[in-house]
């Protein structure tokens, strides 16, 4: 088994398929229209992705999550999923999306081998949502596609980043809404990923604050948590679930078994990394991956208060 310096195994590969997105969420994407995104010719091809996934599977990876940017901007997404689904050792393929372009491609994604979908929804209020994503989004259509995905047999979850003073007044509304839909909602503490989001700890709504608020309206119980789980999960009395990803106040670095591959072929051993490792141009890719992982000692979230405010990779380049 391939282990890093803290004896953590490599089990999950997150692939950013593009750094582009149709939205401009304040906590993720650069503002304005002039940002110099990667030219399409520099993006990993389906053939390259398949080649790399085969190597990662050989080294112990069992799960692949496709992210962005917005992965549905890739016209060859279905081909990519189909290729990954045929790789021996890969047990699960998931997709993270804002859901805007999902409706027309659900069936094809299912046929290609996609098993799980996570949709990002940060507000139920159209005006407030527009302030966050800086685009007009038909939330009704996003909710409809979530329901449709569930009907087609996808395992569906919703992620909501909670920011103090912005959408923390919607915590119970979000919980109530997705509980009624029978969809697992995961609240995410506002994180200091990258440098474009003007992050400050005062904007963080902690897991404890969320739980104390939830207890005022709902009865629920904690579910067992494995060291590698990112989410603290809870079950309501009716069997529906919700979770909290508390990277800021309750770090889970010690169990982190994930590596990230950017859209142009660079490996990042942590969401908060300040540099990537160029897999694309490595001659012996298998040994390159081994050495990168063996040398890994990241635990940024555990050391956040001790770390310097150095420039970190932006979220839209490596996925959340």
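Positions of Cβ are set from backbone N, Cα and C atoms, glycine also.
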- prompt: Can you tell which of 155, 157, 164 Swiss-Prot lists as binding GTP with 14, 65, 96, 258, 259, 260?
  reply: 157
- prompt: Largest pairwise Cα distance, Å, within the listed GTP binders 14, 65, 96, 157, 258, 259, 260?
  reply: 21
- request: Take every residue in the domain 'Radical SAM core' (5-222), average their pLDDT values, and give the whole-number result.
  value: 93
- request: Just name the most isolated of the binding-site residues 21, 191, 253, going by other Cβ atoms within 10 Å of its Cβ.
  value: 253
Statement: Around the Cβ of residue 120 (S-adenosyl-L-methionine binding site), other Cβ atoms found within 10 Å total 20
Distance, residue 120 (S-adenosyl-L-methionine binding site) to residue 96 (GTP binding site) (CA atoms, angstrom): 8
Task: Consider the binding-site residues 14, 69, 120, 157 and say which one has the Cα lying nearest the Cα of residue 270 ([4Fe-4S] cluster 2 binding site).
output: 14
- prompt: Counting other CB atoms within 10 A of each CB, which of the binding-site residues 28, 270 comes out lowest?
  reply: 270
